[in-house]
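Peer 1: Okay, so Swiss-Prot annotates it like this:
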type	residues	note
BINDING	G52, W54, D72, D88, D111	S-adenosyl-L-methionine binding site
ACT_SITE	K151	active site, proton acceptor
Amino acid sequence: MRPLDAKKDHYRKMAREQGYRSRAAYKLKELNKAYRIIGAGFTVLDLGCAPGSWMQVAASAAGNRGTVLGVDLEYAEELNHAESMRGDVEDESLAETVAERLGRADAVICDLSPQVSGNWSVDHARQISLNYAAARIMGRVLAPKGNAVFKVFDGEYAAEFREHMGHMFSKTKSTKPQASRKQSSELYLVCLGFRG
């Protein structure tokens, strides 16, 4: 984003004013308001959690009786009712580590993005690959009837990923929150009612 655009970015300004770690908080707030992905008392797994704005929203939605565990390659500062750990979603052992630490989750939220190279085909394929890795972890920890949301770079492989997730959930819906930049190719795949 150009510096001039950043100054005009309404959500970035609001995030700073309201104490969120990034503008991404408003994406999850909007999605949760529309689809009730996270409710009071929920146990939530946040994959790709850094810098932690989704952890902030999840901890608020889950409330005092809820638990949030964030996982990322980078460190994300912990909050009340939200812990974080370093981990790579592509590491085969991470699912077991998360299951031991968290138990069953009521919701899995995933805002993963690769280091963007500028080559759209490569970046899109890499992001979808990360989603498949996250979905494997989700399959290990998400409780039956649980919910999930995944960032998806729209493109060649997005429909295949949506179809894959559609087999695991009662309902799936692709949507673009108002807080997403208009020029961004990102969509969010909301998945409700895990069939376990």
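The backbone N, Cα and C atoms fix where each Cβ goes, glycine too.
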Peer 1: To the nearest Å, how far is the Cα of G52 (S-adenosyl-L-methionine binding site) from the Cα of K151 (active site, proton acceptor)?
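Peer 2: Cα-Cα, rounded: 15 Å.
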Peer 1: What same-chain residues, at least 6 away in sequence, bring their CB to under 8 Å of the CB of K151 (active site, proton acceptor)?
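Peer 2: In sequence order, G48, C110, D111, L112, S113, Q127, N131, E186, L187, Y188 meet the Cβ cut-off.
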Peer 1: Give the three-state DSSP assignment (helix, strand or coil) for K151 (active site, proton acceptor).
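Peer 2: Once the DSSP labels are grouped into three classes, K151 (active site, proton acceptor) ends up as strand.
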Peer 1: Give the three-state DSSP assignment (helix, strand or coil) for D72 (S-adenosyl-L-methionine binding site).
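Peer 2: Reduced to three states, the DSSP call for D72 (S-adenosyl-L-methionine binding site) is strand.
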Peer 1: Restricting to the chain of D88 (S-adenosyl-L-methionine binding site) and a gap of 6 or more, list residues whose Cβ falls under 8 Å of its Cβ, or answer none.
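Peer 2: Same-chain residues close to D88 (S-adenosyl-L-methionine binding site) (Cβ under 8 Å, separated by 6 or more) are L73, L94.
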Peer 1: Sequence gap of 6 or more, C-beta under 8 Å: which same-chain residues meet both conditions with respect to D72 (S-adenosyl-L-methionine binding site)?
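Peer 2: D72 (S-adenosyl-L-methionine binding site) has long-range Cβ partners L47, G48, C49, A50, S84, R86, G87.
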Peer 1: Between any two of G52, W54, D72, D88, D111, the residues recorded as binding S-adenosyl-L-methionine, what is the biggest Cα to Cα distance in Å?
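Peer 2: Overall maximum Cα spacing for these binding residues reaches 18 Å.
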